[in-house]
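Read through the structure below, which is laid out as structure tokens, and then see the notes.
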Amino acid sequence: MIARIWSGASRLYWLLLPFSWLYGLITALIRFSYRRGWRKVHRFPLPIVVVGNLTAGGNGKTPVVLWLVAQLQQRGWRVGVVSRGYGGRAARYPLLLDATTTSDQCGDEPLLIWQRTGAPVAVAPRRSEAVAALLRAQSLDVVVTDDGLQHYALGRDIEWVVIDGERRFGNGWWLPAGPMRERAGRLQTVQAVIVNGGDARPGEVPMRLAAGPAVNLLSGERRALASLAPIVAIAGIGHPPRFFATLRAGGVTPVREVAFGDHQAYQQQMLDALVALEERLLMTEKDAVKCRAFARANWWYLPVDAQLPAGAEEALLTPILQAIRRCRPTADGEAKL
């Protein structure tokens, strides 16, 4: 129902408009208070890059974060990542991830980023505290924040917004009548707009998610997606239909598709009930970080990577590299650039 309301297919959004106006007023006042200096903005002696959304729901933000971290690491820069840690509940914050950290503590996305990149990752409700914790523990050149576009207490140097190219902004209204955290005009103030799927408009950077071979949760074996049939597909992400569409685009039609809520907490018995003996369970990589501890031999996940046009790489990275150079000794910065 909420998807129909947000897409504009249902007129029921009218009933929620009073709450949306209130949401919009509050968020505008919060941003205004930071811009006027009435609230403290925490700044740090290195570049902060925010990769965020204007809308609620999955837009492909985390693959962009993974791409950015990898690009900076390949150039020799020391990258840290901070996150709110949605879906996690740690005993204390800020929490620095290590080999003993679970998704129950830090959330699924931070754990996925840590496992994929090896970059130091910290989570905290106040992202500035997460940045401070990273800097106490590591020598870093740049920090990337996974989400947090609307977390104005954290000063930032670069802002990227990721948009779902098919859904874009839905009916255009603020939460809860629509999907918007901020209005579309906010795009005029960011350094890059990256569009996941669909058609990018002038000035936007097109991106697509490319699936790799499926990976077994227990053994790490990699196999071609088509060789896994029959498949039961599950997705506990912001927009499950995108995952199922990726499977069909890869030539696989699952015998069943089961959509869960974002940051779903799984149990072995729950997933066992979905799969017959001859079937294989296929999930997103984000789901896999929560299921690996109790996985079965027939459970697989599908990693995806952000693919951007070759010409966009330089345009996206140059402002970040310049910001790093400004914050580092000239010789050190030029050596890495």
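Yeah, the Cβs are placed from backbone N, Cα and C, and that goes for glycine too.
What Swiss-Prot annotates here:
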type	residues	note
BINDING	T55, A56, G57, G58, N59, G60, K61, T62	ATP binding site
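The structure, with features from Swiss-Prot marked on it.
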{"residue": "T55", "record": "ATP binding site", "contacts (Cβ under 8 Å, 6+ apart)": "I163, D164, R167, F169, G170, P179, M180, R181"}
{"residue": "A56", "record": "ATP binding site", "contacts (Cβ under 8 Å, 6+ apart)": "L175, P179, R181, G238"}
{"residue": "G57", "record": "ATP binding site", "contacts (Cβ under 8 Å, 6+ apart)": "W6, D164, R167, P179, G238, H239, D262"}
{"residue": "G58", "record": "ATP binding site", "contacts (Cβ under 8 Å, 6+ apart)": "D164, I237, G238, H239, R242, D262"}
{"residue": "N59", "record": "ATP binding site", "contacts (Cβ under 8 Å, 6+ apart)": "N53, V162, I163, D164, N196, G238, H239"}
{"residue": "G60", "record": "ATP binding site", "contacts (Cβ under 8 Å, 6+ apart)": "V162, D164, N196, G197, M207, L209, R242, A306"}
{"residue": "K61", "record": "ATP binding site", "contacts (Cβ under 8 Å, 6+ apart)": "V51, G52, N53, D146, D147, V162"}
{"residue": "T62", "record": "ATP binding site", "contacts (Cβ under 8 Å, 6+ apart)": "E109, L112, I113, D146, K286"}
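Apart from T55, A56, G57, G58, N59, G60, K61, T62, the ATP site neighbourhood in this chain, defined by C-beta within 8 angstroms of the site C-beta centre, holds N53, V162, D164, G238, H239.
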